[in-house]
Protein chains: 2
Amino acid sequence: MENDYFKQDWRRGEKIQILQYISMKWMMCFFIGLLVGLVGFCNNLAVENIAGMKFVVTSNMMLAGRYTMAFLVFASSNFGLTLFAGLITAFIAPEAAGSGIPEVKAYLNGVDAPAIFSLRTLFVKIVGSISAVSGSLVIGKAGPMVHTGACIAALMGEGGSKKYGLTWKWLKYFKNDRDRRDLVTCGSAAGMAAAFRAPVGGLLFALEEMASWWRSTLLWRAFFTTAVVAIVLRALIDVCLSGKCGLFGKGGLIMFDVTSANIAYRIWDVPPVLLLAVIGGIWGSLYNLLQDRVLQIYNGINIRGAAYKIVLALTVSIFTSCLLFGLPWLAPCRPCPSDTSEPCPTIGRNGNYKKFQCPPGHYNDLASLFFNTNDDAIKNLFSKNTDDEFHLLSMLIFFITCFCLSIFSYGIVAPAGLFVPVIVTGAAYGRLIGMMFGSQSTLNHGLFAVLGSASLLGGSMRMTVSLCVIILELTNDLLLLPLMMLVLLISKTVADAFNGNIYDLIMRLKGFPYLERHAEPYLRQLSVSDVVTGPLQLFNGIEKVGNIIHVLKNTEHNGFPVVDEPPLSAAPILFGLVLRTHLLTLLKKKAFLQNLVPAGYNAFNQFSADDFAKGLDHGDRVENIQLTDEELDMFIDLHPFCNTSPFTVVETMSLAKALILFREVGLRHLLVIPKVSGRVPVVGILTRHDFMPEHVLSLYPSLAKSKWKRLRFKLPGGVKIF
Amino acid sequence: MENDYFKQDWRRGEKIQILQYISMKWMMCFFIGLLVGLVGFCNNLAVENIAGMKFVVTSNMMLAGRYTMAFLVFASSNFGLTLFAGLITAFIAPEAAGSGIPEVKAYLNGVDAPAIFSLRTLFVKIVGSISAVSGSLVIGKAGPMVHTGACIAALMGEGGSKKYGLTWKWLKYFKNDRDRRDLVTCGSAAGMAAAFRAPVGGLLFALEEMASWWRSTLLWRAFFTTAVVAIVLRALIDVCLSGKCGLFGKGGLIMFDVTSANIAYRIWDVPPVLLLAVIGGIWGSLYNLLQDRVLQIYNGINIRGAAYKIVLALTVSIFTSCLLFGLPWLAPCRPCPSDTSEPCPTIGRNGNYKKFQCPPGHYNDLASLFFNTNDDAIKNLFSKNTDDEFHLLSMLIFFITCFCLSIFSYGIVAPAGLFVPVIVTGAAYGRLIGMMFGSQSTLNHGLFAVLGSASLLGGSMRMTVSLCVIILELTNDLLLLPLMMLVLLISKTVADAFNGNIYDLIMRLKGFPYLERHAEPYLRQLSVSDVVTGPLQLFNGIEKVGNIIHVLKNTEHNGFPVVDEPPLSAAPILFGLVLRTHLLTLLKKKAFLQNLVPAGYNAFNQFSADDFAKGLDHGDRVENIQLTDEELDMFIDLHPFCNTSPFTVVETMSLAKALILFREVGLRHLLVIPKVSGRVPVVGILTRHDFMPEHVLSLYPSLAKSKWKRLRFKLPGGVKIF
């Protein structure tokens, strides 16, 4: 936003201030990386220790034959952890429920959802995520980490939380949306980097999926942030190598290492992989479809109140505990292989061969998957030289259970990510394909599991480069790269034929007016004047206070064109655009004039730039401003506070073209001027909502059936799911 | 571009055509990937075989003690190869000289340099690059591969080369700039991917360095293209495993594999790495500075004619041959280590221990570096367990020689990349640092060499993510990632304090009006009306043919505002914008009217959309159009051929803000409208040149000294280099 006032402010800046501003931004990125790295590490540490302790205790009971007791301890600890996560989420910060990625993505597109970046949300997101993941729910921690990172960045950009008085004056450098958005982008990159220890993957995730605008400076800043995260994680893991981190173990920087010196796949390995990719894409889109329906049902339940929310969460928890503990009993005990390098059955917590109820020298293959944290299950599924460890039927049971549980677990009142469930489900799916079609293949089943995860991720999240690099950084297997790229592309293409990206579906359910980059073809057939609706609210250059109050109370617009009319000018001219927030500030400060005379530049002395800085919380409301009748009859000179050169388009421009301008430049208001001058100098104002397909189609329903809609397979009209 | 005519055309399209269009685009990407992969592989194969043969022959002569003869063969084959590359470049396609990356980057920014994407250029680029690289010049093949990829993509997008009649009608689908630019972006990604067998790195290179606009659809398309490249390379390398590729060898997909199962660096390894990064940044910026100066001198020589160009190239070749053959004589022969896993001295071509002039059982460490292809030198420098192979002095000689040769080799009349020279110089530098400061380090000297390459690349090219991923894919060492990121960030930051990116320097030397994303601060102080210069050329809605001819002959503008004046309308209104190319088409087709009456929509019947499709070669010139005097008195109805809703800005808008619109939306013309209507409806037209710092500063020289210039260390006024 550019008005006379800010221009004045900017010109006052000295070289030293610019230097200070730039180094501040880099400093912020450094601290974001540091904090997110720390949080990510602690999160991991806490989950491994809480969940690990639970499994150690129950496993010991199982060894002693006290199976009922083991189940009770297992189920009740899951119940307690879920209850805790649900309680804090429902009562302290309902915004922290779910993944958080859709909210952050919408914010970066310009949609401000309330309270998503508050200190409360941050706290609940971190603690709730640890507690819910430790409670053996089939949910991930990557989404919450992204939200946590974004939250830390937003709070730092704001200089702390205003509400709790935790503000630092010197941090209030970042007054504009762009700086805040940059920091939040870096924060979300850092979050993903910390969740998967994948610095480049996290950066690319922020670039491909999250950010709506991108500049190379931002790329470098995000790279710096994720580099800091990588170094912090590397250093902390080094500390853990000395064994001081409890059950965290001595893992390296790579979470699921599948390196093998020489993967020599040949041309005949490709057909099963292609099959895997195609079916994976179908599974992925089915996953999105079902998730969407389940979320609609859950929303219907959750809306009735906190008690309902918590009961729903607890139901899911009990159900999950029963399945996780119950299903392994179906699997027969299998004798330990003689040639394994690992102890069998597993002693302690980690390891591929869980004893569960089996006699010595035997292991239960389903228990190795179910009776474990999700991370360990993935590790087992990805591991090499384990082609004979799992039975086909066990794998099938595990796949179906994971698929259903992950769909039913998202949407409960707790921080819950989607990445890890999809990875674990995909890994099981990949092993299944490997078992069925890969007997001739030179690829081992662990690699099939990796490709299966890739295909399901591609089918559900619809990313390419970032998923590719994330999986690469998770598994450290560069030689698999050509196959991985192939799988991601195919599964994404197949899934795109059916429905959208899971995050976009969730955003639509939440009702965020997300502005797509791609213009729907029917927008080409409309001109901007076709969608400009309602009476336009204008202000005069010098406007009566009472009028402003009236308009602000009766409309919800955030921007108003300011027009100079005779006698102030010869003909009516469009002077500029004034924002609601600036009007409110002027009203609060009572910068009024007695009569219709321009105020001149001494008006500036009353204000400092901070008065117009936009906070993340919109505390000011016009109802709170008390004015006397006398004041209502006075005037305000709006000229110095206008953006005098707003972006304009001519009324005949096609909507698609105006959308490009709106989207690429990142506008909030776009003024529509008449083709033929002489009439009023402005005929309308376009905002984000005017470009929404819902809005356009409600005005022109006939377009919905036009041939221009996006090409996509639909379920036949009669078929309904749920 | 949007005019009535195209709208008409688009509406005629059926669903099936859209599907066809989309699948065509993907098909194109597939073929681009396929062709670039093939070319990249053949390029590699040819270089390895030609250069390899040369080294085998000379080595055999050396073994037989015929040193003079060996030198003569070595020098004369280099001379011949360079002469051939120089001849074809100078006489067939001078545009193919140099790296090509600056040209492609400028094209993607909207600057059309002539003939950079012709079939001649493509041919010379491929053959010349093979020949020059085989001629042992210290130049790379990555830059030429990027240009080759872009060239293939552009030619495919155009449907073949018009000039040679090699056009396919059905390929002429891509009529607009955006589609062509997308294909060229994919092509350059594919080129980089093929050069380094780094699909993700190539993609990120195109994203970070080349492209000026980016959409997620483009990201996926580029990902698809590089995936095809990866698969093609993988398949072809598989073919070579059977040993049918001559001297190409049996390398895998990873060029310089440095994997080690466990890199356990500790906190005390970090200080030498930091030192390496800082000094690497300084070297990198020095490299850019010297390269810039040398290029200026070379340009002065090259401009005198083809003979001068070729003599210059041959001088460099002879000089290089002398150094490569002569310098190893300085190194003392060293006894072979007893514990090496490789044969020593090397038998055949590859290997770390070159015998050169040494007695049996000894090797010459400098010859292992100099008397080898650049790729093999890098392989030797990156290899592990060779900490004692090289002497400090040898490494110092190699580093200085490479640094100087790479600077003096770029700019001669041959296709020449910058990546490989910088990597080899950086590797030598890294080993030097490792030898001097790394004696306590747990990192081996091979890893120091990798980090050294990263630091010099970062200091010279100023990329981050893409270099990081390229090096990762070259070396397959994920555990080094945190250190790598640190090194890249530091060296880039250090180097940015001194000067710009090497490609930007070359672009400036070439005089391309590259539009930066970042607005120089002083642009905020100017409004658009401050830079609009010269008399504005307007057309009436129905304009006299003679007038159009006159204006086209006397100006070089490419776009003209069309204004309707009384009696066509009540008041003067801005109807739209018409392009020079469209006017030329209309003139050629003689779509003239006898009198001042609008033509109506039957005007369309005369034209098909192909007539207005933009070709890459601007063959049409106004001078070639022959009209009778009678025709000159006739009229043209411009209305149907105008873009009726051009983007406009108000004259008071700041130049920085207008630049954002211009740059983000990717405009070529931006109309400036008056603040107060009633006067002429348009006051000026802004093009790319109006935003160039040179143009603005020539109008307002005082701004050059203003405090707003970019912060950068400068050499003191008195110090001059060369």
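A Cβ is built for glycine as well, from the same backbone N, Cα and C atoms used for every other residue.
These come from TrEMBL:
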- B:21-47: transmembrane segment (TRANSMEM)
- B:67-93: transmembrane segment (TRANSMEM)
- B:183-206: transmembrane segment (TRANSMEM)
- B:218-236: transmembrane segment (TRANSMEM)
- B:248-267: transmembrane segment (TRANSMEM)
- B:273-290: transmembrane segment (TRANSMEM)
- B:310-331: transmembrane segment (TRANSMEM)
- B:392-425: transmembrane segment (TRANSMEM)
- B:446-472: transmembrane segment (TRANSMEM)
- B:478-498: transmembrane segment (TRANSMEM)
- B:642-702: domain 'CBS' (DOMAIN)
TODO: Please check if the transmembrane segment (B:183-206) comes into contact with the transmembrane segment (B:273-290), where contact means 3 or more CB pairs closer than 8 Å and the residues in each pair are separated by 6 or more positions.
DONE: no
- [ ] Flag the pair the transmembrane segment (B:478-498) / the transmembrane segment (B:273-290) as in contact if three or more Cβ pairs fall under 8 Å (sequence separation 6 or more).
- [x] yes
Task: Touch test for the transmembrane segment (B:392-425) and the transmembrane segment (B:273-290), at least 3 Cβ pairs under 8 Å - done: yes
Task: Maximum Cβ pairs under 8 Å to the transmembrane segment (B:273-290) - stretch from the list B:21-47, B:67-93, B:218-236, B:310-331, B:446-472 - done: B:446-472
Open item on the list: As a quick check of your reading of DSSP, tell me how many residues in the domain 'CBS' (B:642-702) are helical, how many are strand and how many are coil.
Closed with: 24 helix, 14 strand, 23 coil
Task: Recorded stretch, among B:21-47, B:67-93, B:218-236, B:446-472, maximising Cβ pairs under 8 Å relative to the transmembrane segment (B:310-331) - done: B:67-93
Task: Top partner of the transmembrane segment (B:218-236) among B:21-47, B:67-93, B:446-472 - counted as Cβ pairs under 8 Å - done: B:21-47
- [ ] For the domain 'CBS' (B:642-702), would you mind checking the mean pLDDT of the predicted model?
- [x] 83
